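Asker: Take a look at this one; I'll ask things after.
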Amino acid sequence: MYNNLIELFLQNNTGEQIADSLPVAIYVTDTEGRLKYYNESAVKFSGRKPDLGTDKWCVSLKLYHTDGSPMPHDECPMAVSLREERRINGAEAIAERPDGERIWFKAHPSPLYNKDGELIGGVNVLVDITPRKQAKAELEDITARSERQERLYEAIISSTPDLMYVFDLAYRFQFVNDALLEVWGLTRQESIGKRLQDLGYEPWHAEMHEREIDQVIATREPVHGEVSFPHAQLGERMYHYIFVPVFDDRGKVEAVAGTTRDITERTQAEQALRESEEKYRTLFETMDEGFCIIKLEFNDENQPVDFHYLETNPAFRKHAGLPGIEGKGLKDVLPVIDEKWVKKYEKVILTGEPVQGEVYAEKLNRWLEISVYRVGKQEEQKVAVLFKDITKRKQAKLKLRKNRDRLRAALRIDTVGVLFWDTDSMRIKEVNNAFLEMSGYNREEAVGKTWQELTPKKFYPVSKQAVANLEKHNHTKPYEKQYIRKDGSRWWGLFAPRRIDENEIVEFVLDISERHHAREELKAINETLEERVQERTKELLSYQSQLRSLASQLSKAEENQRQQLATEIHDNLGQLLALGKMKVDLLRDTPDSADSSRAISDLQEILDDALRYSRELMSELKPPPSIDGDIRVATEWLAEKLEKRGLKVIIHDDGQPKPLDEEVRITVLQSIRELLFNVVKHTSEKEAVIDLQRSKDRLRVTVRDEGEGFDPDNTEWTPDKNGSFGLFNVQERIDLLGGVVEIEAKRGEGTKISLCIPLSGEAATAEPAEPEEASGQISRNDVPHIVHEEKISVLLVDDHQMVRKGFRKIIEDEDDVVVAGEAGDGGEAVSLSRETAPDIVLMDVNMPKMDGIEATRRITSEMPGIRIIGLSLHDEKRVMEKMRSAGASAYLTKTEAFESLMRTIRAEASAQRE
């Protein structure tokens, strides 16, 4: 358009007349830039009337580039156009008027020639684009605020406990938040695009909501209501919901949004508070500000005794709900006002100085802001009171404080580094501890550094691109680069910056060094993948061949183990029991004779031998429960067993905790046992060393000896004559646990084998869940236990019914002791203890599900008044100490229990009642 105007100016003799009528600034100069002509719009543009022949270049105003730097006149668009004899279309610049106001403009200069083609000057059209620039700046500000608001909405939606969702016009869910997914017990993939009946809503319920959605679409008004619905975990709950229309740009309903709040507890609380709050609710439901004038009343001693209302405004009367309150006392109308405010009213009257303050109305559960000032002269004894509800402001401040606390908590996250940058200097303003840990700097050293100081030069381009994106878009996609630590080493980070406002940028960083290294390793692996596939295929074929061979050998090994166990029982325990049976027959045939006394003595010795053998056999098959949970203690127990076979075992432990799941712990102990047996069977060495070490999240167990050693590469992994699978079995079991076996061995130079197993972390320390009560497993009296006539109540806990029956027979023969109930495992014992509250619990140690040690710990922790007597077939000191540390006050072996049981029960009951 402006090019056509210039053509008209150049070619038409009436150009100046036309220019005077145009709303854009136009001026003409000679070849030196001196003004020869200007129109009226140029006067308005420049803010003064230019001087012809004197003023030059854009009316001699001060000029600036768009970045704010000064622009010399000989570099202005008009000077460039004349110097280079070419038209310039729409060059932007800034001009400063005499009054200091700056305006943005676009210049359209063009050279002027005479009929001979000689340059005689130039013409320039200046268009004021200041309003457009201001509008653009306002738009950018609005966009930034919109983005901040969007981030706020996202944070609210993700953190709110309310259920939030959006339906399309066909009743299908377009959006659901995490809170609603938790109620359903479904995933987002299982929910989006589904209708209510698809998600388990009863037909009446789904049809009701679909009618309400139709109503919202038709009336364009919200719909709300209350309904009960089953929560996936909490059961039936009461909810309040509201559906609102969502409009498109044309004002047409395009969706229906809804929010639902769990009001189960609130409904119950409201019912209890409804009567006490009813007279206050009307007062404050619609209150904006209340106003009243109060008069002070004095007694004969010239002391203020009351205030009476003289005037109230409609808002006050509306909120108070008390018509005709004029003349009433202050305490009669506003009983929630603190007594100290009465004194303050008096002070305002006497001094004339206004008083402002905040007071919490406890019965109304509101915060009030009160302003009091004197009305008229002191002798009139009047004050005006203005009050308003500031509860929301208080809540907003509290919410802001909580948000700040959340931000501080976020900054304390030890896995994500957070940096705050100053946008002008691009220097660090603040960092969190996680970044300091990553970079090796302390806070004083990190603050003030630029990104160039922390970044290797090869990553300058990607950093500069991120800065450019921030300037243009206020954020950038996450990108990877290296940073330099304080010690000069480098680490890889994933960076995600975002502009908070015009002065500050926040950047989040994750240390991805391990991921990057793994990616590089994967790249290297891929480069040799074909060769590795061939090698792995060869290894797999060999492995399959070994497995086929081992499959047949495994059955033989299992049969060998069964035969060995059967032989052990037959040759030892079976013979002892047979001999005991003969002795019993002898007692029956020769009662009350000298032979019967010898037979009883022999029978007792036989039973002692049988019991001793049973203990040894049990400990060979499984560690006692007192050491079953500690890999170090279990290893020491195993070492003691091996010493009987002539092998001295030295154990080194670094003292760090080594939590392992039960399955992992058993496998590790079996593997250690297998390795120690190998030392015994295959070497003449009589000493082995075990190292137990923790390295981050892994356990490293090393078994080494100075024996003959072997060649790992030329060893065939097959079972030995005893059915043991040796190292191959160990490798397979450790591999299933996600661990590895490292073998260092050479013939004549000993053997060193290391097992590296992942630790279970905190999960290993979690208490086992209490088992549910099994039908028919718990025996109890019909009525919960109550001690009558000082009788001692005893709960019997043993997984063998025969043992419980024996103990019950002993107790029922006593007059001062009663059986409160029986339990078959530790979980049942805990449940029965809660129900019957016995004086004494007779607790077996080794039981399924939950053992006696854990059950003792729970009972004594929850019910410290109950005394527990531990029972076990084991007579090991470790078992006794474990039970006592769990809370048992006495401990008996089952061999001595029948002789000293009643004495111990009475002693414990006596100690309890003292």
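Positions of Cβ are set from backbone N, Cα and C atoms, glycine also.
Since the structure is predicted, the reported quantities are computational estimates derived from the model, not experimental observations.
Residues or ranges marked as domain 'PAS' by TrEMBL: 11-51, 149-220, 403-450. Residues annotated as domain 'PAC' in TrEMBL: 89-141, 223-275. Here TrEMBL flags 515-560 as coiled coil. Look at TrEMBL and you will find 564-761 tagged as domain 'Histidine kinase'. What TrEMBL records for 793-909 is domain 'Response regulatory'. Taken from TrEMBL, the feature 4-aspartylphosphate covers Asp844.
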Asker: Which residue counts does DSSP yield for the domain 'PAS' (403-450) in the helix, strand and coil classes, in that order?
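Answerer: Residue counts in helix, strand and coil order: 20 helix, 12 strand, 16 coil.
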Asker: Using Cβ atoms only, which residues of the same chain lie under 8 Å from Asp844 (4-aspartylphosphate) while being at least 6 residues apart in sequence?
Answerer: Val797, Asp798, Asp799, His800, Val803, Gly852, Leu871, Ser872
Asker: If you run through the domain 'Response regulatory' (793-909) with DSSP, how many residues end up as helix, strand and coil?
Answerer: 60 helix, 27 strand, 30 coil
Asker: Work out, from DSSP, the number of helix, strand and coil residues along the domain 'PAS' (149-220).
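Answerer: Once the DSSP states are binned, the domain 'PAS' (149-220) shows 42 helix, 9 strand, 21 coil.
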Asker: Could you tell me the mean pLDDT over the domain 'PAC' (223-275), as a whole number?
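Answerer: Averaging the confidence scores along the domain 'PAC' (223-275) gives 89.
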